[in-house]
Every structure is written in structure tokens, then in C-alpha cells.
Amino acid sequence: MDNIAGKKSSLTWAVHISVVALVLLWVFPTAGLLVSSFRTSEQIISSGWWQSLTPSEISAQHRAVDPDDHRISDGAGYRVEGAIFAKKSKIPEIISWGTSSRAIDAYRVGEVADLGEGETFSIAADGSYVWRGNDKQISGRGQRFFITALVPPEFTTDNYHFVLFDENNRQGMTKAFFNTLTVTIPATIIPILIAAFAAYALSWMEFPGRSLLIAAVVGLLVVPLQLALIPLLKLHNDIGIGKGYLGAWLAHTGFGLPMAIYLLRNYMVGLPRDIIENAKVDGATDFQIFVKIILPLSFPALASFAIFQFLWTWNDLLVAMVFLIDSSGETTVMTRQIVELLGTFGGDWEVLSTAAFVSISVPLVVFFAMQKYLVRGLLSGSVK
Amino acid sequence: MNPALQGLLTIIIGVGGCVSYFYLSNQFLDKVLYPPTGENAGRNINRANTLRPWLFLAPAICALGIYLAYPVIETLRLSVTDRAQDGAFVGGANYARMFDDDKFWEAVQNNFLWLLVVPALSTAFGLLAAQLTDRISWGPIAKAFIFMPMAISFVGAAVIFRLIYDMRPIDQNQIGILNALYLHFGGDAPIVWLTIPFWNNLFLMIVLVWIQTGFAMVILSAALRGIPEETVEAAIIDGANPFQIFFKIKIPQISGTIVVVWTTITIVVLKVFDIVFAMTNGQWETQVLANYMYDKLFRANDWGGGSAAAMIIMLMVTPILIWNIHNARKEMK
């Protein structure tokens, strides 16, 4: 509709470019974390992650191997051969070099430096060098030289090994990962079940006080979590649950319920009345109608709430800190572990970025796989 | 016991318990208490049907009552008592003490700043993204990427943005993009962004805007699609340009949805905790109410003060709460 004659091409281009810019702006931060998690700590602190995608220039000082041990006779004089890079798959490419700190880029690769009185030095692109001269020249300390090289992008999975599989790493994420999973799964399933029955009653059963209850659910939807912290902690201590998984499950169930009931009721109310009434005429009880008709039909709504609750419990920090993690720290979750890392190792970016990426990777997978349901849930919850 | 096993066991017990509660209670109602047979069959069916909704609702009502309704009242009670005096009633003393605390006013001030900036920016960016992606072929992919931060935890986002705001001494390469750009465009020295009062609040808010824009976009995009084509067509025939169409035809028609998005993000902002806790912990004048409250509760162990701060948060969401209930009741009639 926007394509008024004559204006289409310029405006369409502007739209495409703006969208590309927006997407880049939104992806850039996460990309930084992902790329950083594949770099060594040395790389991370020596250059920005955006530079790691292209070859980078490094300058370094080297010294030829000790001539007294390594020289071999070469015609009238001697020579020393060696290589500055270990044989690896990716070796930096030398672009220029020099033998004095005042002119570290005096020579190109392949050129031979004349060090006076017949002494020469040359270096190849792959870092192998040859140093020639007479007996006196090729002695004492090895010749000093400087190189400027182009280092190809290099990435490593060592960080992930360290964070996930290193037994000696006390800041490891494996335990926290499983703890998070242990919190998340029951805390996602139980509220769905409870809410589904309640939503059915609120949408298809007649009883006094129904609209009052619905209003109460809508009201509780916005009650801040913060209010519940002390009273519930006190309650949990009084009835002997204390801090632990049970408390966290119950808390997540309670806090997730208003949203669950609200979403599911909105969906169930829209189901066709005929089906339910026909089933009643045929003699089905409410319980049968619910289990055999309503539940299967409500699958999209159930799925969308499940995703919400999963993301919410997986990403939660506050509930875990208040109701779950005790002083032993055995039940720590990933978000808590990351906050600890932020505090103690403010600059340890390779561990931090890897740990953070481990924690956000699961929600990201769920997000991309189930985006359809997530969007549907959002829409039924907000737009009426 | 292994936590994973324990978790599995709980799932089985929890789910099994729930299912068997619903099943058995219904069976009990129909078979034992009011069987639909015998001389009182009709009366029994009616009685069973009166009771049944409450069977369905009981677990939900219990959970909502204990985990949300009771804490509101209990927090109110705690906020006027003093734990150190064995819970004696102290009236408004906790509130008075809090109102004397500079940190509290800083938190209130910052919260209002968050309330002004975050919903506005998120909604504006969301609307922009929704409108732009709506009619291009690869719009859904673009949307998925802008929506993606929704899945990332506040803590994860805090790490992501700490890297962006990172500062290295001037003689080293900057690894934070913000400082790198700042120096590239003529800045003299790298800046520790999160320690500059006032502006650091904005740097924290950007994190939440980044997360919430996708939410706004998804909902507003659906609303934009719901606009009747005729209104737009009529405007084109009358010679309106694309900007006029957007601002004068489309925006007024989706104003209701914009309000919903705005209030939803407002509620998120009022409860914002993780971002501040993980990035600055309220230092350098970035305190917000939720973190102030956590400080009082679990660091200072001051339950009265913490509860009072929680009540202030509750007070701030109350208008939204009333408005929501009002709307819900209107809808049902």
C-alpha cells in the first residue's frame, strides 16, 4: 500500500537498509559474547572481538638460536638456521621485518639484510630464517630481529572445555547447569497442570464468584515478586522447607500461576461451545471433557505458556537467590554463578563470556525452535 | 541424592499428585458423596455440579493465596513492625527512616527515570521495527533477530553489555566497542561508562530497551496487520504520503495496543533488579527500588525497611493493577 507511484524504489531501499541496520544493532552485542567465548584470554584483552574476524597485525621481537650450539659450517663461514613459529596449521604471515628496534620494518620478506662485513640475515614468510657470517660474527648471542606479521583469525574451544568439563575448575558451570535444569522442569510443568484445571473452571463452569476470581487473577498478574520474598521465606522456614529445590519449585509455581491461568483462560474461552455441550449431552463428565477435549485442543496455549515459564525460571536470579541457594552453595544456579564471576573476576572475559553463553544457549535454542508458540502466547496475553 | 534424580522424582510426584488429586476428588464426588443414582439422583447431580468448580480451582486458589495474596498483607504488616523489637508495632517508623535515607530518594528518582525512558524507547523502537519489517520479504527473519534478546536472561544481558562498556587503559587496545568508537571519533581518553552519574543510568536502561523492543515489536506488528486496508487505501487516494499514513492513519488505530505494550513494559521496569544487581549493584548513583529493597532485606537484614520499600513498589503498580481489573471486568460484561 505504501508504494505510491514513483516513490517505490527509493523508499524500499531506505526500508531495507534501515532494517539491516536495526538487525545488526540488535545482534551485535550477542555476537560479541559468542565470538569472545571462542578466543583465548590473551586475544580477548589485546584486541576487540570485531577485529578477530579479520587477520590482525602483530609486532614481535625474536632472537636467533644460540650460535655456539647451532651453527653449521657453510662454505668459508657459518650459518644458523631456525624458525620462529612452531609448525601449526595456521601460521602468521610475515609482511616486514628488521634487525634494529629503530627500524623494525626495514626489510620485506625475501630481502637479505646486509649486517656489514659479509654478515647477512634473511627471513621467509613462514618464519624460517638464515643467518650467515664468519666465525667471529656467528658467535656469542643470537642475532636479534623484529617482525611484523599478519595473524589469521584463530578460535579455540578450550574455554568451553574449561568451563564445562574441567574437574579442577571450581567456577565450572556443569553443576550449575544441572541445578538450573532441576529447578526449571518441575517449575514449568506443575503450574501448567494446576492452571489448566483452574482455567477450565473459570471459562466453562458456572458458579457464583467467577468473575470476581477472574478479576483477582488479573490483579495478581502485576503484583511484584519483591513483596513475596520475606513473608514466604519466613513461611518456608516455619514449615520446615527452608532453602532448597522444593521451596524454589513452589515459589515459581505460585508466581507463574496468574499468567498461566490468564493465558489459558483466554484461549479456552474461545473454544467452540458446541463441542463441549454435545459432549455433555452424550453424558461426559466435566473431568472427561477436560482431559479428552479441552486439553488436546488447548495445546498451542499450553505450549506458549510452557515456553514463557521455562524462559522465566531458567533466566531467574532473584527467586533462586532467596529461596534456593543456601550458604553451602551446592544448589547454585547458572545466573548466580555468572554474577559471582562478574564480581570476582571482573576482567576474566574468556571464562565469563563462555559461562554466559552456556547459560543463554539453551533459551536461545528453545526460542528459535518454538518462536511460533511464543508469539502466539504474547498476542493472546496482550491484544484482545 | 543426586539433584537430577531428585528433580525427576519431584516431577513424577508433583505431576502424579496433581493428576491423582483431580481424578480422585472427582471420583469421590461422583461415586461416594453425591452419586447420581437412587432417590435423590437429581439433587445429587446438582450438588455435585455446585461443588465441582471448587475442586478444579482449589490448588490454584491455594497457591495464589499463599504465594501472592498473603505476602501482600504480610509485607504490609512487616513494614509497620520492627524485627529487632520482636515484631512490635512501630507505626510509620520504618517509612520515616526510609524517607530520611538519601539512597532511597536516589532509587525513587532513578526508578522514575527508568519509567520515563525504557517504555518510551522500547515502544518507539518496537513500532519502528514492526512498521519497517512488515512489508519486506525477509521481515520474519529480521523480526526473529530483534526478538531474540527476549530469551536472554537479564544476567546474560548484563555480561554482554559489560563487554560493550569495558574500559582499558589508554595505551592498550580497547576491547569494549563503545570506548573503541569513542576514541576513534576523537575522544581523548577511554571512559569508565558505568561510573558517570546520571549517564550510567542510561547505559543500564539501554540493556532493558534492547531486551524489551522485540516484545513491543511482535505485539505492535500484529496490531498493524489488523488495521483495515480500506483506511490506508482511502488515505493514499487522498494523496497522503507514507509518513502521514503512518502517523495519522495507523498510529491512532493501534493506540489501544500501544497503551497495553507501554503498561506491560512499565511493570517490567518497576521490578527491574537483575540488571542493576549484576552491573553496578546500585553504586555510582544507579540504585533502583527493587535493588534497594534487596539490599535492605538481605545485606542489612532490615526486614521493616525492606518491607517498606516493597510496599512503595506495590504502591507504584497499584494504578496499573486497578486499570487492568477495570478493563477485564468491562470485557466480561
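Count begins at 1; order follows the chain as displayed.
Cβ atoms are placed via backbone N, Cα and C, with glycine included.
Marked as domain 'ABC transmembrane type-1' by TrEMBL: B:108-324.
Residues annotated as transmembrane segment in TrEMBL: B:7-24 (among others).
Same-chain residues lying 6+ beyond the ends of the transmembrane segment (B:54-73) with a Cβ under 8 Å from its Cβ atoms: 18, 21-22, 25-26, 29, 314. Residues or ranges marked as transmembrane segment in TrEMBL: B:54-73 (among others).
Residues 142-143, 146, 201-202, 205, 208-209, 212-221, 224, 246, 250-251, 258, 261-262, 265-266, 269-270, 272, 288 of the same chain lie 6 or more positions beyond the ends of the transmembrane segment (B:112-132) yet place their CB under 8 Å from a CB of it. According to TrEMBL, the feature transmembrane segment maps to B:112-132 (among others).
Per TrEMBL, transmembrane segment is recorded for B:144-165 (among others).
Annotation comment: TrEMBL describes B:177-196 (among others) as transmembrane segment. Note on the transmembrane segment (B:177-196): residues 164-170, 203-204, 279-280, 283-284, 286 of its chain, located 6 or more positions outside it, place their CB under 8 angstroms from a CB of the stretch.
For B:202-224 (among others), the entry in TrEMBL reads transmembrane segment.
What TrEMBL lists as transmembrane segment is B:258-279 (among others). Residues 111, 114-115, 118-119, 122-123, 126-127, 153-155, 157-159, 161-162, 194, 204, 207-208, 212, 215-216, 219-220, 223, 251, 286-291, 294, 313, 316-317, 320, 323-324 of the same chain, all 6+ positions outside the transmembrane segment (B:258-279), place their C-beta atoms under 8 angstroms from a C-beta of that stretch.
Taken from TrEMBL, the feature transmembrane segment covers B:303-325 (among others).
For the transmembrane segment (B:202-224), same-chain residues at least 6 beyond its ends with a Cβ under 8 Å from one of its own Cβ atoms are 113-114, 117-118, 121-123, 125-127, 129-131, 133-134, 143, 146-150, 152, 154, 157-158, 161, 165, 193-194, 250, 254, 257-258, 260-261, 264-265, 268-269, 272, 275-276, 279-280, 286.
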